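Take a look at the structure below.
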Amino acid sequence: MRSTYLFTSESVSEGHPDKVSDQISDAIVDLFIGKDPEARVACETLTTTERVILAGEIRGQGIMDTDGNWAPGIEDEIEAAVRQTVKEIGYEQDGFHWETLTFENHLHGQSAHIAQGVDASGNKDEGAGDQGIMFGFACDETPDLMPAPIDYSHKILHRLATDRKNGNAPFLEPDSKSQVTLRYENGKPVACTAVVVSTQHGAGYDEGEKEAELRAYVKRVVADILPDGFLSDATKWHINPTGTFVIGGPDGDAGLTGRKIIVDTYGGAAPHGGGAFSGKDPTKVDRSAAYITRYLAKNVVAAGLATRCTIQIAYAIGVSQPLSLYVDTHGTGTVDDAAIEEAILDIEKLGGLTPRAIRTHLGLNKPIYRVSAAYGHFGRTAEGDRFPWERTDLVEDLKAALA
């Protein structure tokens, strides 16, 4: 790695059309898992002008019977969950309003051929829901053990949303994007060279005093989020660089579930296996294995075993045991990477890295997913049942295994 370089990451807000779709999909996951912790869910959402469409495959007790008939009242609950999600995001606009939008539900039963490969039976453990590779990452650039550019990009937009909802920035609307460029020296972020923030706004905030008010507000937020000394007179600012941004959200661009996988993870600072998270129950290793590898990488860094850690894991559909586990500390490790791999596999309280073991250890069979669907799945605060993959409760086990 070069000693001096620039690196950029972006985030998008909860009101971005793709994130609206992600949150709706995860609201459906939460609804179904709340009824049946073993529910199988693959829910895709399309959002566009005054319309939300669901499609995908589901299975679960109290949700749909084996003949594909919905349980009484469940279709109304699905629609209510969709509208409530859009309402909480804040869309009450002519082109997209939680109360007046048209809703279509095309969810149907899960394929029996997929189910037979995934379900546990007899002496066979539950298999992975699909083949694939998943990555986890952690580094010591921020207190959250996340790459700094994506961490700051998320926090900027989260602050905008908080201020919009509590009335401190009533001129803001839900759709926004951020992008932060940092200069690194000797592998550490030391300065911000550029900030891009595009935020949907009320009428009139694209010129004159109102535009100046919006720009000044955004600069205050960014200055509050970034570490002292990162901003300077040399920092380039691009705030609503295209001008007017009144039409936004699904009315401005169609949204789809699973199109912001780099925003959801590490902002391009680490590899990605390609699988999206939202709309998937935790038997899908695209989701659960990405969570466990983040958890493991974060605990490696938190234990002081490395300052950077990438972990890859791979699965085959219908097979419970992972095909491979790979640890790379990028030359920052205090012990051999292979020893860390061995320690992970030997830690008894993990219970292994099968899909069932991951879900059990992290407590993933709970309705905890909608909150993860905006502002990043990683670098969040583990609180109660939420974001269990952000816990650092494996630190002492790793230290003991490698002593």
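Including glycine, each Cβ sits where the backbone N, Cα and C put it.
Per Swiss-Prot, the feature ATP binding site maps to HIS16, ASP175, SER176, LYS177, ASP253, ARG259, LYS260, ALA276, LYS280; the stated evidence is sequence analysis. For ASP18, the entry in Swiss-Prot reads Mg(2+) binding site, with the evidence type sequence analysis. As annotated by Swiss-Prot, K(+) binding site applies to GLU44, with the evidence given as sequence analysis. Residues annotated as L-methionine binding site in Swiss-Prot, with sequence analysis given as evidence: GLU57, GLN110, ASP253, LYS284. Annotation source Swiss-Prot lists region 'Flexible loop' at 110-120, citing sequence analysis.
Location within the structure of each feature annotated in Swiss-Prot.
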residue : record                    : DSSP class
HIS16   : ATP binding site          : coil
GLU44   : K(+) binding site         : strand
GLU57   : L-methionine binding site : strand
GLN110  : L-methionine binding site : coil
SER176  : ATP binding site          : strand
ASP253  : ATP binding site          : coil
LYS260  : ATP binding site          : coil
LYS280  : ATP binding site          : strand
How big is the Cα-to-Cα gap, in Å, between ASP18 (Mg(2+) binding site) and LYS280 (ATP binding site)?
16
Between GLN110, SER176, which of the binding-site residues has the fewest other CB atoms within 10 angstroms in the structure shown?
GLN110
Using C-alpha positions only, work out which of the binding-site residues GLU44, GLU57, GLN110, LYS284 is nearest to LYS260 (ATP binding site).
GLU44
Measure from the CA atom of LYS280 (ATP binding site) to the CA atom of GLU44 (K(+) binding site) and give the result in Å, rounded to a whole number.
9
I'd like to know which of these binding-site residues, ASP18, ASP253, is least surrounded, judged by other CB atoms within 10 A.
ASP253
Name the one residue among HIS16, SER176, ASP253, LYS280 whose Cα is closest in three-dimensional space to that of GLU57 (L-methionine binding site); these are the binding-site residues.
LYS280
Do you know offhand how many angstrom separate SER176 (ATP binding site) and GLN110 (L-methionine binding site) by C-alpha?
35
On the 0 to 100 scale, where does the mean pLDDT of the region 'Flexible loop' (110-120) fall?
64
Greatest inter-residue Cα distance in Å for the L-methionine-binding set GLU57, GLN110, ASP253, LYS284:
30
Chain-internal residues, separated by at least six, CB under 8 A from HIS16 (ATP binding site):
ASP175, SER176, LYS177, GLY249, GLY255, LYS260
For LYS280 (ATP binding site) and GLN110 (L-methionine binding site), what Cα-Cα distance in Å is obtained after rounding to a whole number?
12
